[in-house]
Amino acid sequence: MKYKNNIMRKVIVFLMLITCIGTSYAAKYKIGVSVPSADHGWTAGLLWWANKAVKDFSEKEKDIEFYVVAASSGSKQVGDVEDLMVRDIDALVILPHNPATLQKVIEEAYDEGIYTVVVDRELAHPSQNVFIAGDNVGLGRVGAQWLAKQMSGKGNIVSIEGLQIPINKQRVDAFNEVMGNYPDIKVLDSQPGDWSTQKALTVMENFLQKYPKIDAVWCQDDDMLKGVLKAIEESGRTDIKTVLGGAGSKDIIKMIKSDSNKMVRATVTYPPSMIASGVALAVHGVKQEKLGDLYNEPSRIILDAQLVTKDNAEDFYFEDSPY
Amino acid sequence: MAKLEPAPMMTRLRRLNMAAYAPFIALLLLVIFSSIASDTFLMPRNITNVLRQVSYTGIIALGMTFVIIAGGIDLSVGSMVAVVGVLTIMIINGAGDGWWAVAMAVSSAIALGGVFGALNGLIITRGKVASFIATLATMSIFRSMALYISDAGEMVSTNAHFSDIGGGYLWGIPYPVWVFLLLAAVYHILLKHSAFGRHVCAIGSNPKVASYSAIKVRWVYFQTFVIAGASVGIAAVLLTSRLNSISPSDAGIFYELDAIAAVVIGGTALSGGKGTIWGTVIGVIILGIINNMLNLMGISPYLQGMVKGLVILIAVLVQFKGDR
C-alpha cells in the first residue's frame, strides 16, 4: 500500500514537473484579464473584445500567455483576481464590477508590482499604472447636442437612466447641462432603467401613459433603446420623432446604416472594445515599450465619444461581435 | 441459516460506509485531479486562497446545516449578508476610529445576524409559515432594506483597522479560514455531542415523534434559524472587512444557493433528520476547488456554471444511490 502511494506520488510530481517546465518555457510574460460576466449586451461585447484582443496578441507575441476570467459579481471578481495573482501574472487588465469592492484586491496586485490597467470604472484611491475609459461626460454632451439640433431647439424629452453608479450621473449631468442652453426643450422625466432592455420597456410604457406629447427619448444605452422602441411600437404613438441611445450596439448601428427605423438616426460610442485597448496597454507595459511614437507614458486615457450617423456607421459595425 | 447472516450484514455495512464517506472520496479525487491538471493548484498560496474564498459561504453553510437537518431551509442568507454588511459599515463609521469601534462592529454584526435569524424563526414557528416561503419573503425584504438604507451605493469603511480582520493572517493562514474551521469544530460538538444537536436531528426526521418525546419542537426549530442568522452575521463582517466595503446590490448574491449546495454535497439530506458538519466543510471546499480550477484551467466563463451544476448533480447522485 505504502509502495503504491509512493509510485502514485512520483507520477504526480513528475506530471507536475512536466507542466511546470512546459509553461515556464512557453511564456515569458503572463497577463490576466478580469471582466464582469455578461449581464447585459455591453458586457457581452466586453468579453468578446477581451477574447479577440487575446487571440490577436497571442498570434503576434509568442512569449505572452493570457488568462481571461469573468465574474458574475464583485465579490466573485475579487476571487478571480486572487486566482490570477496565484498564477504569478505580470500584468492585470481589469474592468471592476464595482470599484469599492475591488479596491483592496487591485491595490494588493498593484503593490506587488503587477502592471495594472484599470478599465472604465475608476477606483476611489487610484492603484494602477494606466486608467482607460470611455468619455461618459462626452456621451451625455455629444448626445444632447445632436438631439437638441434634431429637435430644432424645442420640444419635450423623456430620459431613461442607467444603473445608479457614478458613470450614470456623469452622463446625465452633462446631458442636462447642454439642455440647459435650450430654454424651449423640456426634460419631462428621468427614471432609471438599469441599462436593461426589459426595465427600459417598462419605464417607457409608463412614460407613454403619463405624457401625451413626447418629441424625443434619450436613454444613453442601445440595449435600453430596444426596449424603448418596442414600447413605442406597441403604443402606436406617432408623436415621437427621435430616439437616441448610446454605446453603439451592433443592431442599432445596423438600423442607422440601413435607415430601417426613422426614429433611430444616430448613436454615441462608448465602445466595449476599450478592454482590448486595455490589453494592448498591458502588453506594452510588461515589455516596457513606449506607446506608438509617444515620448511619454500616459496614466489616463479617455476614449473619444464619437457620434455615429449614417455617414460613418460602416466604421463602427463589427459583424461577429455580440454587441 | 444462521450462518448466512453475516454476509448481507457485511455488504450493507460496506455500502453504508461508501455513502457516508462519498464526500471525502470525492474531495480526494478532486484534489488529485486538480494537482495533475494545474501546476499552481498545490501552491500554499493557492490553497489558502481557495480556503479564504470559501470561508464566507462556508460559515453560512455551517449554520444552514442545522436548519436543513431540522427539516427547514433558509433562502434569506444572501440578502442578510448585504443588510448586515451595510449596517456594520454604518456602525463602524459612526463609532469612529480605533480598535474598540471594530470590536463593536463585529459584535453588533453577529447580534444583528442573530436578530434577523430570529425574525425568520418567529415567522416560521409562530406564524406557521413554511420556511421556504417565509425566507423567500425575507430574502426580498432584507435585500430591499440593504438597498434603501445605503441608497444603493457602495459603502466604504473609514476605519483604519477594520480591514485587518478579513485581510490578516495568523501562521500563514487567513483569519477568515481560522474562524471557519473553529466554528466548524464548535458546531460539530453542538450537533453531535449535545442534547440540542440530538433534538435538531429528532425534529428533522419526525417532528411528531419528537414532540411526543417531550422535545420542544418549535423552540428547537426557532433556534436553528438564530444559529443560521448569527453565522451569516459572522460571514458578513468578515466579507465586509476583507473588501473594506460592501455593495448592497452585489454582496451575497447566490450565497444561499452555494450554501445549500455545499450542505447537500456534504451528505446532509434536504428532507432533514441527518447530516454532519464535517460533510458540509468538505462540500464547501469541493465547491471552492471547482471554482478555483475552472479559473486556473481557463474554462470559458460561460461554461463554468454548467460544470459546477454537473458536479453538484454527480455528487448528490453518487451519495444517495445507496439510500434507494
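Every residue gets a Cβ built from N, Cα and C, even glycine.
TrEMBL does not curate its annotations; it predicts them automatically.
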Check each of the ranges B:17-36, B:277-296 against TrEMBL and return the one annotated as transmembrane segment. B:277-296
Sequence-distant residues near the transmembrane segment (B:101-122) by C-beta distance (under 8 Å, 6 or more away from its ends) are 74, 76, 80, 83-85, 87-88, 91-92, 95, 131, 134-135, 138, 142, 159, 161-162, 164-165, 221-234, 236-237, 240
For the transmembrane segment (B:302-320): best-contacting stretch of B:77-95, B:129-149, B:219-240, B:252-270, B:277-296, by Cβ pairs under 8 Å: B:277-296
